[in-house]
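Here is what TrEMBL records for this protein:
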REGION    1-20  region 'Disordered'
TRANSMEM  44-65  transmembrane segment
TRANSMEM  85-105  transmembrane segment
TRANSMEM  117-137  transmembrane segment
TRANSMEM  171-191  transmembrane segment
TRANSMEM  211-232  transmembrane segment
DOMAIN    325-461  domain 'Sulfatase N-terminal'
Amino acid sequence: MTVNEPQAEHVARPSGGRNTPIDQGRFRAIGFDNYYLGLLRQTVTLQLLFLLLLSLFRLGFFLTFSPPGVAFSATEVVDAFVLGFRIDLVVVSYLTVLPLLLVIINHAARNLLPPPWLARLFSGYFSVVYILVWLMIGIDLGYFSFFGEHVTLLIFGFFDDDTAALIKIAWKNYNVPLILGVVLLFAVALVRTVRRMFTTVRPSEVTLNPWWMPPFYLFLVALVFLGARGGVGLFPLIKNIPDVSADAFVNALPQNGVIAFEKAIKQYYRAKSGAYDLIGEMGYAGRVPQAFRDFLGNDGGGGNDPVAALARTTPGNPAARTKPPHVVVVMVESFGTPILKYQSPRFDILRRLKRHFDQDILFTNFISGANGTIVSLEPLLLNVLARPRSISYGQSAYLGVDFPRAAARVYQKAGHETSFIYSGDLSWRNVGSFFRRQGFDRVEGKSNIKAIFPDAEEHDWGVYDQY
């Protein structure tokens, strides 16, 4: 076993929080290689603790959100936890890349930075990235508790939506001071743990021949690369995370908030930049006629005007022509069929709607166009589907587009006077400017309602629907 040349009189190491020189005799016994090995050992130990904490968090997630009374397959749950550990390892490996490169470069440059400085850099680096990681995981947890899925690009509705109203709603529905207090205490404990790990780096007692250091570093790089890739499969793990069960919750269990955020950010900025290619997303790049053939179920693909082939005309209604009906569509926020199972005389959810539910024609096989208010409203009014993994039409390049088959335009052409009435601000999600182009003669919002009912009671999103 050999050591590097004795340059220890120029090196300092932390001791009790202060830098003290390593004497030349002691350095002959340990060497720079030993210090770097010790620093890497501390880093690996910290990352393993972080991995353990992520796994414990996943266990808590499972115990908190698993549907009551549902018996899961033990094999599938174990597979989900194993896959989740691999996904966590991907995140940890990415966090390890920069520290490992700093050690290698600094060692190769014959200690351009005094090695103890690296310990301080590592302490600051891991404190920051760990806080960011846990912040994303915490937001993902809150998102899941509300939407029942991990973070998607809808999370950016916090900025695209009425941010002030969302904050007020969160303040009313959650114990925000308690949550902030817990987050602060957790962040302090996290930073103190990281600092303690790097306050004193104990050099490794194992001494390697200097010729073995480059192969050793190459081995570490390969190991980190393999961890970041998630395995030796054909594709990286996070490119296509496999299902482990037919149960949606078990499949959600391995997902990681950091990976979910990464995908959501990519989708959001791609949609905002106009680079979103729906045809390519659906697998029909360069094969648009085939898309029409598949949808229409024929070989013609719609002929010369495939878009016109999508239109359907209902049979004539003489009674409607003789006495044109008034058509009123009321869209109620977050009012779905699951809540109706609690309807009873003592817990009257329907109120004045009950008469209509009992006497009118009722369709229960109805599902919203997407998960969210605006992406449910637009498909209903535009007669088009919500685009998967994209933003709303009114907040995209389609803001200035007149949709020829918008529902209101069909009624407008038939001689109806069409109105869109929203109880909130028309600036919300650009509904005012966007829906004015979609066949509505009048588009009215909160200010119009307040002009008629000056004493109308308001809430965070506008005036109450009774007005």
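Cβ from N, Cα, C; glycine included.
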For the transmembrane segment (85-105), which recorded stretch in the set 44-65, 117-137, 171-191, 211-232 gives the largest number of Cβ pairs separated by under 8 Å?
211-232
Go through 117-137, 171-191, 211-232 and flag the stretch with the largest number of C-beta pairs under 8 Å relative to the transmembrane segment (44-65).
117-137
Other than its close neighbours in sequence, what residues sit by the transmembrane segment (211-232), given a CB gap under 8 Å and a spacing of at least six beyond its ends?
33, 40, 86-87, 89-90, 92-94, 96-97, 100, 103-104, 107, 238
Residues of the domain 'Sulfatase N-terminal' (325-461) by DSSP state, where helix covers H, G and I:
53 helix, 8 strand, 76 coil
